[in-house]
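Below: the structure, in structure tokens.
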């Protein structure tokens with residue numbers, strides 16, 4: 001499995017390097033439009049997302065994050081958690097932020113939440129919240145149409161997703177919807193190789209639209 005994953009990562013990274021910038025911009029706009037226009041996004045009150053990194057060729061989330069920070073309609077106000085990498089042992093937090101002022105660039109120039117707020121208090125971790133999480137918008141490197149997700153090899157998201165799903169289950173809450181954003185070159189023919197630690201996604205958002213995969217997603221989307 002490890003060898004298959006390495007081979008697929010190499011192949012998809014090459015496709016992304018060859019992906020025309022103009023087409024990438026078209027897909028970025030379409031994907032973000034699908035998310036912002038979706039009832040499951042509009043109805044969400046608490047969600048995790050990510051700040052996209054152009055160097056990693058992640059699907060752009062600029063419009064999505066900006067909309068959450070400044071909603072057009074106060075009724076659609078949301079509580080947002082963004083990732084902060086803690087170490088190189090696959091440990092990552094999702095911390096509550098309210099604006100871009102709460103973010104600082106890390107060593108890879110990716111914007112992350114500062115661990116404490118302006119008053120010096122620790123930011124709320126999504127695992128410590130007393131309210132259920134509705135939605136996670138996820139990056140990744142490769143996906144298939146069965147919901148299998150291949151990350152970049154660090155294991156950060158799979159580790160955190162397992163904790164979030166376990167925490168929600170232990171509290172008797174409904175599970176959040178796991179939705180991945182993907183460019184067309186990231187959708188592979190056949191199957192993505194996975195092992196027991198890999199967490200599948202419920203749905204994919206591509207330029208062509210939203211694809212509900214799991215039975216849970218088909219109920220929600």
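Glycine is no exception: its Cβ is also placed from the backbone N, Cα and C atoms.
What TrEMBL says about a protein is an automatic prediction, not a curated fact.
These features come from TrEMBL:
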BINDING   5, 6, 7, 8, 9, 149, 150, 151, 152, 153, 154, 155, 156, 157  ATP binding site
BINDING   51, 58  substrate binding site
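TrEMBL feature annotations superimposed on the structure.
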| residue | record | CB count, 10 Å |
| --- | --- | --- |
| 5 | ATP binding site | 19 |
| 7 | ATP binding site | 11 |
| 9 | ATP binding site | 16 |
| 51 | substrate binding site | 21 |
| 58 | substrate binding site | 22 |
| 150 | ATP binding site | 21 |
| 152 | ATP binding site | 15 |
| 154 | ATP binding site | 13 |
| 156 | ATP binding site | 20 |
Integer Cα-Cα distance in angstrom, residue 150 (ATP binding site) to residue 51 (substrate binding site): 19
Pairwise C-alpha maximum, in angstrom, for the residues (5, 6, 7, 8, 9, 149, 150, 151, 152, 153, 154, 155, 156, 157) that bind ATP according to the record: 20
Alpha-carbon distance [residue 58 (substrate binding site); residue 7 (ATP binding site)] in Å: 19
